[in-house]
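The annotation ATP binding site is assigned in TrEMBL to ARG113, LYS152, GLY157, TYR158, ASP159, GLY160, LYS161, GLY162, GLN163, GLU195, HIS218, ASN273, GLU274. According to TrEMBL, the feature domain 'ATP-grasp' maps to 117-303.
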Amino acid sequence: MMTPMTDAALLIPGSWLGMIGGGQLGRMFCHSAQSLGYKVAVLDPDTQSPAGAVADLHICAAYDDAQALVRLGELCQAVSTEFENVPAQSLLTLAQYTRVTPSGDAVGIVQDRIREKAFISQAGVPVAPYAAIESLDDLQAADSALFPGILKTARFGYDGKGQARVADRDQALAAFKEFGSQACVLEALQPLKSEISVVLARGLDDQVKTFPCARNEHRDGILAVSTVSAQFQDDAMSEQARQAAAAIARTLDYVGVLCVEFFILEDGRWLANEVAPRPHNSGHYTMNACVTSQFEQQARVMAALPLGDTQALCPSMMLNILGDIWFDAQGQMREPDWAALLAVPGVSLHLYGKTEARAGRKMGHVNIVGESDQQVRERTARAATALHIAFDHD
Ligand code: ATP
Ligand code: MG
């Protein structure tokens, strides 16, 4: 099942690390890798990309540009990705030149919800009842117990895109046609009590370290708030989720940082929703609350260094900053009140350097730490007020 590369060469600081994808995850990776002394080359077609702006080298080309891949592969002693929909073939091509983590094979599985669910199940981790839908016939034959359900395209979904809630088979047929009859999964709608996630890293030597579980709240299909409370860390559920995530990483023979999203159901059962083959928005709290951040961990895996300490030093919350807060109730542009935000104790601001604020666009996040869950909540409420972000915690 596994082929751990125990003799993987350690890359000394000063070596070049490569990143496919120039978004905010790549940017925060650059900062971490650079502070460990590495040089980073970013491949991204956008001249204005957040990571390209801070990388030591920005190769401005398509993710599947053959010449750019050769250049990246020849320059860098290790390459990773921050972008879920990176062409798996690009990772396979790069592997002819350099060390690539995660592998194109592992990413290829996770990019396809049908194969992803099969692997999660194979790891012994429960998933929602589902059926693979590759044709109208599959949908006609699907178990009626899957309704009401959610039809999700097997590939290229994110932030709730490529999904339709369907009350019955007729609605599912209509949604399937709307998606252009591409392969989908039909999942039974689950009664969710809450959503949690686990970020972990698996090294080239098969060592696995999980970060503490985050509890996640979404707004309009986009992560809004993550909470890593002191209380929740001792929870049996949290321990089970961390073990399940580690089992999934090993079953995928996944090397690198990944995130597993879980649903906790109203009756207390839990199941895995999906895997992201990269650092995750719900793991941003690690930048200020943990000894090692998820981005430093990604650099450590690439360089074959020992994985860092994943312990949380204190409770924390993370608020996402979307482009919406650059607009007032009348739709007029305004600058968010950063001074008011930064006057709140325990607050760290992370902005991604994106020039254009748009509704729903992830512009940055705020991490809030404190000595107790209650103190963190109070500070987060103040931070949210300063930025005009809705926040209604008890
Ligand atoms: P993201 O990029 O935000 O992770 P995504 O497009 O990959 O989103 P999912 O994570 O599968 O999609 O689903 C988005 C959200 O929809 C989930 O976080 C959850 O709130 C809800 N959801 C998804 N599947 C189910 C389900 N089977 N039952 C109930 N709610 C669901
Ligand atoms: Mg998701």
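The backbone N, Cα and C atoms fix where each Cβ goes, glycine too.
Annotated features taken from TrEMBL, shown on the structure.
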| residue | record | DSSP (3 states) |
| --- | --- | --- |
| ARG113 | ATP binding site | helix |
| GLY157 | ATP binding site | coil |
| GLN163 | ATP binding site | strand |
| HIS218 | ATP binding site | strand |
| GLU274 | ATP binding site | strand |
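The number of other CB atoms found within 10 A of the CB of HIS218 (ATP binding site), across every protein chain shown, is 13. Listed in sequence order, the residues of the same chain lying 6 or more apart from GLU274 (ATP binding site) and placing their CB within less than 8 Å of its CB are ARG113, GLU116, VAL260, GLU261. Contact annotation for binding-site residues (ARG113, GLY157, GLN163, HIS218) versus ligand 2: none, no CB falling under 6 Å from a ligand atom. Cβ neighbour count for LYS161 (ATP binding site) (all protein chains, 10 Å cutoff from its Cβ): 10. When pLDDT is averaged over the domain 'ATP-grasp' (117-303), the result is 96.
Here GLY157 (ATP binding site) comes close to ARG113, GLN163: these same-chain residues lie at least six apart in sequence, with C-beta atoms under 8 angstroms from its C-beta. Each of the binding-site residues ARG113, GLN163 was scored by the other Cβ atoms within 10 Å of its Cβ; the lowest score goes to GLN163.
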